[in-house]
Each structure stands twice: as structure tokens, then as C-alpha cells.
Amino acid sequence: MFATQTRINQNFNSIPDDLFEAIADLKKELNAVILAHYYQEPDIQDIADYIGDSLGLSQKAAETDADVIVFAGVHFMAETAKILNPNKLVLLPDLDAGCSLADSCPPEEFGKFKAAHPDAIVVSYINCTAAIKAMSDIICTSSNSVKIVKQIPTDQPIIFAPDKNLGRYVMEQTGRDLILWSGSCIVHETFSEKKIVQLKIEHPEAEIIAHPECEPNLLRHANYIGSTTALLKYCQESQEQEFIVATEPGIIHQMQKREPKKNFIPAPAMNNCACNECPHMRLNNLEKLYLAMKNKTPEIMIPEETRVAALKPIQKMLELSFT
């Protein structure tokens, strides 16, 4: 049930001097749209047609009239675009751009977990494989997870997968008792509570803003919790001038562009490393994006049976997001 992809040896192609111009030319030639997640490197964000979180990117993928979708993100995002657009060419610059959270929920094991709770419906966070989506009743994102769970009858048992931290946050916000799959994101679990508290002492006027994939002991220090889009909006609307940002630091590029006079401090990891950067998101770069468009590969392909099954819960999410 896993999505399959095709590769090409990208070493055979020369790289033009002006990648921005070359990519712009290919966009016109292919009638392509470039969708990029906030966690991508700044150059990719700057050349993208749309930058957003998982919900916004899903909505754009569903709406686009482009013939080619170039997805600057990780593979579950590109899979979602393909699920919504079976007749379009969907490209992912680097097929190794996976997701630790999606990998934490193997389909075979999740199938057994689901079978152990036959009366429960499955609400799956969009950060999962096409195979898990196909086993789900409703998909959600960090933007709409609380809203979606609130719309489910209170007497209906719910399995929430794969992110246990987002699941705990949804439980807290809704008062619902969810059956949680124990998955997590390596980036959002690497932030150091001790170092963030120390940062707050050093920057007493700064507000701590955090993504709900962070662990509960960190979220309790946050002045605001939200999806990447919600964090971005909050920084724009807040009167405060300094923020400690507890999510992947790629979002700070957009924060600085929209609020250049404000100061944004990346939340530190437990170790002295760049572990607060997603290693999968950072596999993409302009060169790979150009080569993907030039060669029309790597292409995302999903077995039709899996795609059709995965489409239903995604459509349900999109419907509930507008109610």
C-alpha cells in the first residue's frame, strides 16, 4: 500500500548559473506550480508560488489548475498532492525527504492497533503515509485538529494517530479521551525545556510560541500554541517585539520578512547541534528543485486502490475545515 516513486541520476545534468531564472522558465514551460512548506530553506520559500502549512498546502493542491505540482516539502505532503491530483505530475525534489513522524507509524502495526479498537473511528494527522491515510476516517492538521475532533459525537471513541503530543494537546483543548498512537516528531521532541527557560530569563520580554507537536512540559511555558500558520499570524498581530520560536526554524524566514523590526529567537535543542532543523526538509534545495523540473522526476506514484481510500478522509477534512 505504500506510495512508489521514480528516481533519476541527477548528476548527469549541469546546473545553470541563475537558478531562479531557470526555474521560472521551467515553470512557464511546464505550467507548473511550486508549493513549499514553511520549513524549507529561504531560497525555496522565495521562489515558491505558495508557502504554507499542511492544511494550506493541501487546499492549494486541491485547487490548482497547473499541470505539474512541484512539492518542496517531504514525501507525505507530495503524496497528499498526488492523492488529490491523480492525473497531474507531482514531483518531489529529493525522495529521501521523509518524515520521522510518518515513519513512526508503520501500516502493519497500525492495522493491528486499529483492529484492537473496532468501535473507534480513526482521526489521523496529515503527517502520515498514504497507507495510513487509507486506513483513516478523517485526516486533520495542526491547524484544524481541535475543530475536527469537536465535531465528532462525544460518545464516539476516537483513535488519534500518529502524533502523541498533538493528540495530548487536542485532548486538553476538547476534553475528549482519545486513544493515542505513540508517534512523534524528532524535531519537536528535541527542544530543551531547561534551555528555553534560561532563554526566557535572558529575554524576559520575549513571548514563547510553540507548535503543538512539542512535548507537554515545553508547551506549559508557551504564551501561544498553534500551527505554523497560526504562529506566523500571531507574531504579526502581537504587540510584543521578541519571540522564542519553538518549532522548526525555517518559519523564521517568513516571520522576519513580515515583521523585520521584531526579533525571533529559535528555541534551542537539548544538545549543541542544529537538531532543531528538520533533516528531511533540509534535503531539498534549489539545485534539486531545478533538476526535478528539468527531468520531470522524481515523480510520486500511488497505487489507485490506496489513493482512492486515502482520498476520502482528506476530502472529509477539507469539508469540515470550512464548516
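One-based numbering along the chain as shown.
A Cβ is built for glycine as well, from the same backbone N, Cα and C atoms used for every other residue.
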Record-annotated iminosuccinate site (Swiss-Prot): member among Ser54, Ser136, Ser238 besides His37, Tyr125, Ile126, Asn127, Ser142, His211, Pro212, Glu213, Thr228
Ser54
Quick check: of Cys275, Cys278, which does Swiss-Prot put in the same [4Fe-4S] cluster site as Cys99, Cys185?
Cys278
[4Fe-4S] cluster site, defined by Cys99, Cys185, Cys278: further same-chain residues with Cβ within 8 Å of the Cβ centre
Val74, Ser100, Leu101, Ala102, Asn127, Ile186, Val187, His188, Glu248, His280, Met281
Those binding-site residues, out of Tyr125, Asn127, His211, Glu213, that come within 10 angstroms of Cys99 ([4Fe-4S] cluster binding site) at the Cα
Asn127
For the binding-site residues listed here, His37, His211, which shows the highest count of neighbouring CB atoms within 10 A?
His211
For Cys278 ([4Fe-4S] cluster binding site), nearby residues of its own chain (Cβ under 8 Å, 6 or more apart in sequence)
Tyr39, Val74, Val187, Glu248, Gly250
